[in-house]
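Written out below as structure tokens is the structure these notes cover.
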């Protein structure tokens, strides 16, 4: 499945610091899914970071850093994944996303496929 991060709001500085937490709630991210971060070039970016960098909005030495929209990230490993915007105070005001990726056939929240 392909996910447009933030839906209609896309990837930008949110007015609600919990916006991206709320957006991700209830979604099951699986290996093989793709995240797409849409944003205005030069206004935002996407950095893949560690949990410590995510929790503390550390911008230095990200795992990877993409600045040209749209940024498409294929989910190819299970476990937690962390993304932030490194521009200004954007991460500190909530422009950050953490997800947990499950295996392609893994159960996500007990939902039955096709139910």
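Along the chain as shown, the residues are counted starting at 1.
Any Cβ shown, glycine's included, is placed from N, Cα and C.
As recorded in Swiss-Prot:
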BINDING   44, 85, 90, 95  Cu cation binding site
DISULFID  57-91  disulfide bond
DOMAIN    1-103  domain 'Phytocyanin'
CARBOHYD  76  N-linked glycosylation site
MOD_RES   113  hydroxyproline
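Distribution of Swiss-Prot features across the structure.
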residue	record	DSSP class
44	Cu cation binding site	coil
57	disulfide bond	coil
76	N-linked glycosylation site	coil
85	Cu cation binding site	coil
90	Cu cation binding site	coil
95	Cu cation binding site	coil
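Figure note: comparing Cβ neighbours within 10 Å for the recorded positions 57, 85, 91, the maximum is reached by 85.
Of all the Cβ atoms in the protein chains shown, 20 others lie within 10 Å of the Cβ of residue 90 (Cu cation binding site).
Across the domain 'Phytocyanin' (1-103), the prediction's mean pLDDT works out to 98. Between the listed recorded positions, namely 76, 95, the fewest other CB atoms within 10 angstroms of a CB are found at 76. Ranking the recorded positions 57, 76, 91 by Cα distance from residue 85 (Cu cation binding site) puts 91 first. In sequence order, 11, 12, 13, 69, 85, 87, 90, 95 are the residues of the chain that are 6 or more apart from residue 44 (Cu cation binding site) and have a CB within less than 8 Å of its CB. Within 8 Å of the Cβ centroid of the Cu cation site, not counting the listed residues 44, 85, 90, 95, the chain contributes 11, 12, 13, 39, 45, 84, 86, 87, 88, 91, 96. Each residue in the domain 'Phytocyanin' (1-103) gets a DSSP state, and the totals come to 15 helix, 33 strand, 55 coil. Straight-line distance linking the Cα atoms of residue 76 (N-linked glycosylation site) and residue 57 (disulfide bond), rounded to a whole number, equals 24 Å.
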